[in-house]
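Novice: Attaching a single structure in structure tokens format; questions to follow.
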């Protein structure tokens, strides 16, 4: 009996040693590795460069030289596109733990190439040689981004004719129109084959959008009449400062308004009224500060990854309340534009976008305003959202989603972007007109 006990202890010790010494699975499975990643020099800012991660199409339906290329830009200002990569629409993402990458069922690179760029310089893994090199306005943002993208295309000559679609969310509601406007107006015959612009829950015309918060939350039942008046007064302060061209003060006033709104509603996050906790973007920070992640992406181990750069945000502070609506108007006359919003977002949601849309100086606005708003259902017959489209403009309201639409509705967001790029289903094809006025243009 004593010998059996001794043998059992020895075997247990050996098994324990084997289990301790067994290699851990890699943080990044082979399938999760980017096709390419690294740095793109930015002109005219010597020593500065933009970090990128590129994922080729998984199931392309055309030869790769003809396969659409989506360029994703995060908002902020000052937030990294690696949030979009590893938390929203990339092929693998973190869901519950920073050490566990899970396959994304709604990855946007199923049919298309997908390029994430840390924009502008100084954001995420991108490098700004000095603070003076960080852009202070959208013109400079566009110049840097264009230079980086041209470098990317030159490094990959077979990509030079690929149709390019710029996409992004939140403050990229400025970046996306800015790069589109720059290419269409100043580089129409350049190396970027621009085919469309897509903005999710964007901040594009801030002075109009900031005036929608009070009425939006009031009719949602989140504040009472007295609180609505208080919010309206806070909105008016920001608007007045814009009219006086006190741009930094206007941005500060907007921040105070959003803080007031958050305190009044008591929500975990204004980005999604249904969430009990904020979005877990912190998981991406934990992921990308691990040594293996930096090695895989080709980043120096000494670089500390931050979700958003306070320095970049401060440099662009005076830009926050400036409108780029005119850039969207210019683009609509020349290329496809998709505006989509998660319906649970209180910051940059449906009402916020619809208000500035109806003020656009665009030749197709009249026809768009009478176009049918159609019900979009997913494969199971569940309502996924609502689509209104005419000419070059497609507007989509996504049910069950907040600010981060691809996070909340992965497969639906993928179906939307694929349908829009390929011109299929509700997102493409013939224009649909109705004889009665659209509900889009109600007065608030």
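Any Cβ shown, glycine's included, is placed from N, Cα and C.
For 1-22, the entry in Swiss-Prot reads signal peptide, with the evidence type sequence analysis. Sequence annotations record features per position, and here Swiss-Prot assigns disulfide bond to 79-308 based on similarity to another entry. Positions annotated as active site by Swiss-Prot, on the basis of sequence analysis: 170, 345, 403. Feature annotation from Swiss-Prot assigns N-linked glycosylation site to 263, 361.
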Novice: In Å, rounded, how far does the Cα of residue 308 (disulfide bond) sit from the Cα of residue 345 (active site)?
Specialist: 20
Novice: Say you check the Cα of residue 403 (active site) against those of the recorded positions 170, 263, 345, 361; which is nearest?
Specialist: 345
Novice: Of the recorded positions 79, 170, 345, which one has its Cα closest to the Cα of residue 361 (N-linked glycosylation site)?
Specialist: 170
Novice: Enumerate same-chain residues with a sequence separation of six or more from residue 170 (active site) and a Cβ-Cβ distance below 8 A; give 'none' if the list is empty.
Specialist: 74, 75, 76, 79, 200, 201, 202, 203, 348, 403
Novice: Could you check the disulfide-bonded residues 79, 308 and say which one's CB has the fewest neighbouring CB atoms inside 10 Å?
Specialist: 308
Novice: Rounded to a whole number, how many Å is the Cα of residue 263 (N-linked glycosylation site) away from the Cα of residue 345 (active site)?
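Specialist: Residue 263 (N-linked glycosylation site) and residue 345 (active site) have their Cα atoms 16 Å apart.
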Novice: Counting only residues 6+ away in sequence within the same chain, which have a CB under 8 Å from the CB of residue 345 (active site)?
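Specialist: Within the chain, residue 345 (active site) has Cβ neighbours under 8 Å at 201, 270, 271, 272, 401, 402, 403.
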Novice: Give the number of CB atoms, excluding that of residue 361 (N-linked glycosylation site) itself, located within 10 Å of its CB.
Specialist: 10
Novice: Let me make sure I understand the structure: which of the recorded positions listed (263, 403) has the fewest other Cβ atoms within 10 A of its Cβ?
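Specialist: With the recorded positions 263, 403, fewest surrounding Cβ atoms within 10 Å: 263.
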